[in-house]
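K.L.:
Just passing along the structure, written as structure tokens.
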Amino acid sequence: MPPAGLRRAAPLTAIALLVLGAPLVLAGEDCLWYLDRNGSWHPGFNCEFFTFCCGTCYHRYCCRDLTLLITERQQKHCLAFSPKTIAGIASAVILFVAVVATTICCFLCSCCYLYRRRQQLQSPFEGQEIPMTGIPVQPVYPYPQDPKAGPAPPQPGFIYPPSGPAPQYPLYPAGPPVYNPAAPPPYMPPQPSYPGA
């Protein structure tokens, strides 16, 4: 059994080691990167042995004064988003959602130009139907070929070569179009929309 004096001295020694050893454990702590009040970025740096990272969220330096110490946990808390950063991120997200919603609406709303364009591209053969009765069709004449030139060389993409020169017939100028004065006009003239016209 140890003497009574040593039993009383042991707790005092442990407390003294804790009080004196705490600065040694905390010494050499690093200062993490930070942004100053102007928004300028400052890289992190190491403090020498027996010095601590001191200062505020916006200004850091190495010192030996424990009252000015800023712990690593406090430094990391300073890195949390500021109100300006949160407002910037929120406005960017809102702007992105607005652009996406506008684009979707323009492709789905019938009053929008992009919707009409998309409908025209999907159905190119649909549209206003114009009756073709009463309009004479002129015959199509082949382009005259020079008999001295010989057959034309085959064009790329065509499988069958030409079968030789086309037979030559006397070319006559096209006559006047067939016109029937008794036929009704190809359209109906509009009726006046007000009486007495």
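In case you wondered, yes, glycine gets a Cβ from its N, Cα and C as well.
Owing to the predicted nature of the structure, the values given are computational and were not obtained by experimental measurement.
In case it's useful when we look at the structure, here is the feature table from Swiss-Prot:
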SIGNAL    1-27  signal peptide
TOPO_DOM  28-87  topological domain 'Extracellular'
TOPO_DOM  109-197  topological domain 'Cytoplasmic'
TRANSMEM  88-108  transmembrane segment
K.L.:
Excluding the flanking five residues on each side, which residues at least 6 beyond the ends of the transmembrane segment (88-108) place their CB within less than 8 Å of a CB in that stretch?
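P.N.:
Sequence-distant neighbours of the transmembrane segment (88-108): 81, 114-115, 118.
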K.L.:
Can you give the mean pLDDT for the topological domain 'Extracellular' (28-87), rounded to a whole number?
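P.N.:
Value for the topological domain 'Extracellular' (28-87), mean pLDDT as a whole number: 86.
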K.L.:
Sort the residues of the topological domain 'Extracellular' (28-87) into helix, strand and coil with DSSP and give the three counts.
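P.N.:
Counting residues by DSSP class gives 15 helix, 17 strand, 28 coil.
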